[in-house]
Ligand SMILES: NC(=O)C1=CN([C@@H]2O[C@H](COP(=O)(O)OP(=O)(O)OC[C@H]3O[C@@H](n4cnc5c(N)ncnc54)[C@H](O)[C@@H]3O)[C@@H](O)[C@H]2O)C=CC1
Ligand SMILES: O=C(O)[C@@H]1CCC=N1
């Protein structure tokens, strides 16, 4: 594993990966995170005890791996402002920005760099992340392994060989924790309406999701069979599922995920000026 990792940006997603890496045993001294103000760095500093820095160019000067974790909208400025330092050091670049392609990132950083694009998700914080990765042609086998080890430390890693598929990964896993959180909100509200205390409904809904996910992961059966096993003919589950099917929940999910992937494409084009 690479010795020095610098995160450019110390927000939600960088914090989630950093937290997962530290839990997996990485030394806090191997990790640096940046943000323009000390105030924004305080939480990661206090929580994880990592190095912090307000100057991006200084922060990448000794890095083996640089993780670009700022919002896509400011990525161009951020990259161009640290271009000289990056070209001097030539670290492995891992961009986690939605939509922005590897060629655009490489161009903004001066060109000729090994760039891995990664679409992670926030459950990386608890070691349960799911990341899709794509490597440009300059990435060596060893750098591929470094990126794999880094992201496997915080969860599941799936490589895609076509870059455009990262937009699909964004829909299936990058944005997807939010779909499940919405489901928890809705289940808690429904539980309360049925008479349960909110905290009880929330705990039950979350534990059920955890149980269903573990079961689906460990079972030899597919999700359709596992669903069928809960549905007694003429029973309660059948009635609930019937409602979901009639309300076209599957179509809603399909449409939402299409919109998500499409937005990633759109953002990439807008920001790259393509
Ligand atoms: N939040 C999520 O679930 C996921 C986010 N992503 C990607 O991760 C990236 C970051 O997203 P979030 O963490 O949600 O955003 P965020 O807003 O929580 O974090 C962005 C961070 O960048 C810092 N920052 C702003 N200007 C900077 C500069 N000039 N130099 C260095 N740092 C600067 C901010 O202080 C903040 O700490 C985005 O590109 C997003 O597409 C990818 C997958 C999931
Ligand atoms: O909503 C977003 O744009 C980012 C990318 C994937 C998850 N959050």
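Using N, Cα and C of the backbone, Cβ positions are placed for all residues, glycine too.
Copied over from TrEMBL, here are the features:
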type    : residues                                 : note
DOMAIN  : 4-99                                     : domain 'Pyrroline-5-carboxylate reductase catalytic N-terminal'
BINDING : 8, 9, 10, 11, 12, 13, 35, 69, 70, 71, 72 : NADP(+) binding site
BINDING : 56                                       : NADPH binding site
DOMAIN  : 163-267                                  : domain 'Pyrroline-5-carboxylate reductase dimerisation'
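Recorded features from TrEMBL, shown on the structure.
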residue : record               : DSSP (3 states)
8       : NADP(+) binding site : strand
35      : NADP(+) binding site : coil
56      : NADPH binding site   : helix
70      : NADP(+) binding site : coil
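Here the C-alpha separation of residue 12 (NADP(+) binding site) and residue 56 (NADPH binding site) works out to 18 Å. On the 0 to 100 pLDDT scale, the domain 'Pyrroline-5-carboxylate reductase catalytic N-terminal' (4-99) averages 96 in the predicted structure. Taking Cα separation as the measure, residue 56 (NADPH binding site) is nearest to 35 of the binding-site residues 10, 35, 70. When the Cα positions of 8, 9, 10, 11, 12, 13, 35, 69, 70, 71, 72 are compared pair by pair, the longest gap among these NADP(+)-binding residues is 15 Å.
With a cut-off of 8 Å between CB atoms and residues at least 6 apart in sequence, the same chain places 18, 33, 34, 35, 40, 41, 43, 44, 52, 69 near residue 10 (NADP(+) binding site), listed in sequence order.
In sequence order, 97, 98, 99, 100, 267, 268, 271 make up the list of same-chain residues 6 or more apart from residue 72 (NADP(+) binding site) whose Cβ falls under 8 Å from its Cβ.
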